[in-house]
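Database features, via TrEMBL:
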ACT_SITE  B:155  active site, proton donor
COILED    B:250-277  coiled coil
DOMAIN    B:2-216  domain 'UCH catalytic'
SITE      B:72  site 'Transition state stabilizer'
SITE      B:170  site 'Important for enzyme activity'
């Protein structure tokens, strides 16, 4: 899935010697961001039905590598690569009735999107979602109608057409609400959360989209938008789930009480280096920069959705550390229930842990709970 | 042939050198050139700094001649290469290159600097030793690759005396740069101003740098000094115990004995501290090479089973500290 950032109608200009010769074909210059966060500048041919399926030109541009400039005295622009002139691309504008101001605005918007793709993607997403949600306030509007509305509207402030394009996955059914009511606002937030959730999942390229059901969607939507908006500049930084890192949560103070327990050492020993299977070594580990660093790296992979947690049997609701920890708790609970069920017919065994109830006992545990490896 | 990034840490480099088969060397981090007095014998210095990939201004270089100089071929290998540029130039009684590295030096002795660099990057011995310090997959952060693309890299420059002259060995230059004449005894004094000049240049543009010294293995050195001091002390003790001295002579002998005892005690302490440091380095390397993800999962499952997830969840649900709370990058 791609995020469309900007597009404008233009034909190609090809260089022949010292002059630029216009290619008569109608076309579209399109700026988009693919899942791997790379930004592409593409040129498509255009017919009455719209843009062709595949671009005839497709170049990857890194932020700062190129900018669009208006060619003085002509309705033409150049995508300029200061470090390599041979890469310069020239286009003649085909936007109808363009005044010089509109052309300048078009160039400015394109450059903004080129240098801050995440913000542009977020703006496009928000604009499309807002249009979709607004369009859905009249009863009986179907999701596809809403999409059309979004596509035809011009994003506020930008001189460039921003289509809803391929960002939006499955739109949930638009509820019939009257505008201005609290229910409508909540519905919009729910829609937005679902849309953003799908977009986040899609752009992170992970497996199933996290299921955003239940309370807190509005906050989630806000925080996700904030994340999208904040993720700018560093071209490889993917979107991060909010919240502290695992390194912050598993500070030595939090771990030491557990690690001091000899039975814990016994259980964890197989996963420790052979020469570090002592309580002192465990304590040293918890305080060590090497452990902090591995936690930090793991957490970054987790929070940017690069980890497939299902391979560990975990079902996480999202990509934050809290979601991860909750998923582990959930897994342990499921394993306990499975074990209880398996031993179901066994009445009052040897004072084992099976009978201890499903909710998990708070407080310091004594002895090792049965764990499935 | 892949070379991974490794941490620029004296403990890492010391064990890396040992893994290649070299004996009698360790690496120390320097924060001040004054430290060098205590660290003798010093075989060479490595100056490390972060730099933007700008075109290198070619310096006046000489033909390698007697100097072992390898050009930097692979960016990730540059630390190891800078260390080899020193080790393969040192002739010192306490330093044993080991069979494999000695053979390597023999094998490449006629190669030009570029070929030498290529030979290093193709050496299984060296590459495998280097890569053994990489962080276990899948924990290599994307950030490392970011540095490459953003144009930043670490650059290592070696300083080493060879055949009466002080050389600067910069893997990105065409050959060794001759700085001045020197002897084994005064080269550290002579290298000082060059290092200081570099430090000042980088401090002005806020470029981070590190200085490391390749020195004799201090456990060995303290060990032999302790043996000598103990023998000396025993001798003095025997002499003082032997009768037939005047009171004055006895007082003197006992004074000397006391000095010798103090010397022995100091050296024992120094040796113990040095051994502890090597143990710490070793423990850190064990941790660096171990993948703690399975441990992490088992630990968290264990805590969940004991009903101790609560406080962790609570902490995880608080908003992150400013700056993303992502932990500090090395």
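Any Cβ shown, glycine's included, is placed from N, Cα and C.
Cβ contacts within 10 Å of residue B:72 (site 'Transition state stabilizer'), excluding its own Cβ and spanning all protein chains shown: 21. Neighbour count (other Cβ atoms within 10 Å of the Cβ, all protein chains): 22 for residue B:155 (active site, proton donor). Cα of residue B:72 (site 'Transition state stabilizer') to Cα of residue B:170 (site 'Important for enzyme activity'): a span of 8 Å.
The two recorded residues, the residue listed as 'active site, proton donor' and residue B:170 (site 'Important for enzyme activity'), show a Cα separation of 9 Å.
All protein chains considered, the CB of residue B:170 (site 'Important for enzyme activity') has 24 other CB atoms within 10 Å.
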